[in-house]
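These notes concern the structure reproduced below.
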Amino acid sequence: MGASLGWPSPVLYEIRHTGKPINLTDTDTAVMVSMYHIGNVVMPLPSGLLIDYKGRKTGLLLMTVAPITSWILIYFVKHSAMLHVARLLAGFWSGIVLTAVPLYVGEIAEPKMRGALGSLGHIFINIGLLLVYISGSLMSYWNLAIMCGAISFVFVPILVMIPESPHWLIQKGASEKAAKNLLWLRGGNKASDVSEEIESLVAAVNWQAGRPKELKTLWKSRGNRKAVIIVEVLGICQRMAGISAVIAFTAITLPDQNIGMLTPDGCVAIIFGVGMLSMIGVIYYVDRFGRVPLLIISCTGCCISMLTACVWYALHNNTTDFRFPWIPFASLLSFNIFFNLGLGPIPGVIQGEIIPPNYKAFVSGWTAIILALASLITNAIYIYVAQKHG
């Protein structure tokens with residue numbers, strides 16, 4: 001998913017400078033970037049139904065056809081419409097990943113490890129971003145598509161090997177299989193090692209079975225309403241901070257000149273590389289210092305970083321006097337560090353902790369839609385402002 005998310009940035013830079021493999025107008029570019037988020041909007045609710053019916057693992061496995069087909073279309077592109085369809089399929093994949101993975105992690109993780117494991121997903125997305133940014137500066141358009149497509153192919157056998165969620169298996173009456181999978185996940189040697197946890201899961205599932213699942217009942221409870229509002233507001237804040245535009249357009253947003261010994265490509269790689277490294281510490285700090293303090297630090301840092309970049313671009317609009325070209329680079333670098341300290345990983349962790357179990361699949365799908373819509377709006381605002389004001 002990280003590679004698909006970050007792919008436009010190095011590719012748009014190459015297309016603008018070489019016109020290969022095809023020329024894209026500003027409208028083509030806007031549509032291509034938007035199609036990813038449109039797919040992301042469309043897919044979560046069907047994904048929620050799919051992973052409830054087929055399971056978390058099987059649902060993801062069935063949908064791997066989407067990213068594989070996407071990279072094939074990107075490689076053989078002859079017209080902008082092929083790119084649009086490819087990015088739509090990539091958005092479908094993102095939609096199910098953002099729906100199924102937080103749910104799966106929340107169901108298999110031990111409570112004391114939930115924060116750390118919830119952060120891991122965001123780290124791997126950042127690894128994908130960094131990989132595609134570095135590779136995009138070293139490879140041709142076609143070789144980059146081959147590499148990313150190969151990653152999608154390799155993911156299939158890996159996904160086959162991981163166990164299905166014990167929680168989902170118990171819901172379907174497969175308690176024996178659930179115990180076997182939980183034993184594998186906990187690294188135990190005999191069934192008695194997980195018997196107590198299985199009993200707790202069975203009790204939780206039986207309790208859920210007697211609870212209503214309709215949307216209207218979700219909103220009748222004040223606690224449930226508060227939990228959903230917290231999750232959705234955090235998701236909106238996460239995307240409206242500007243991360244989607246930063247990911248998609250960093251390579252063409254930074255000044256097209258070297259900063260000391262750093263080329264523009266090197267700057268992009270450093271921005272996302274250092275940002276990813278900053279997230280590794282979150283695995284330790286998220287459970288040690290709590291969610292709220294990290295969110296406050298993260299939001300404050302992101303705000304200051306973006307304001308600094310905004311002031312620089314406002315002062316240098318409609319002029320060729322690009323003094324202090326390091327300021328946008330430093331601002332985006334700082335933004336990524338602060339974003340990955342809190343706004344990036346923590347909303348997903350909180351979602352897994354405060355949403356009632358019998359509503360998790362629905363809320364996961366709905367949250368993914370909210371995230372995609374916020375990203376779509378953010379990118380549309382960026383494109384409009386860039387075209388009108390530079």
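Each position is counted from 1, following the chain as shown.
Glycine is no exception: its Cβ is also placed from the backbone N, Cα and C atoms.
As written in TrEMBL, here are the features:
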DOMAIN    1-390  domain 'Major facilitator superfamily (MFS) profile'
TRANSMEM  30-51  transmembrane segment
TRANSMEM  58-77  transmembrane segment
TRANSMEM  83-105  transmembrane segment
TRANSMEM  117-135  transmembrane segment
TRANSMEM  141-162  transmembrane segment
TRANSMEM  227-254  transmembrane segment
TRANSMEM  266-286  transmembrane segment
TRANSMEM  293-315  transmembrane segment
TRANSMEM  327-350  transmembrane segment
TRANSMEM  362-385  transmembrane segment
- Taking residues 6+ outside the transmembrane segment (227-254), which of them lie with a CB under 8 Å of any CB in it? 5-6, 8-10, 12-13, 16, 33, 37, 129, 133, 136, 218-219, 264-265, 267-268, 271-272, 295, 299, 302, 306, 328-329, 332, 335-336, 339, 343-344, 346-347, 350-351, 354-356, 363, 366-367, 370-371, 374-375, 377-379, 381-382, 386
- Query: Does the transmembrane segment (141-162) reach the transmembrane segment (58-77) with at least 3 CB pairs under 8 A, where each pair is 6 or more residues apart?
  - Reply: yes
- Message: Please determine whether the transmembrane segment (327-350) and the transmembrane segment (117-135) are in contact (criterion: at least three Cβ-Cβ distances under 8 Å, sequence separation 6 or more).
- Response: yes
- Closest-packing stretch to the transmembrane segment (83-105), where packing means Cβ pairs under 8 Å, from 30-51, 58-77, 117-135, 266-286: 30-51
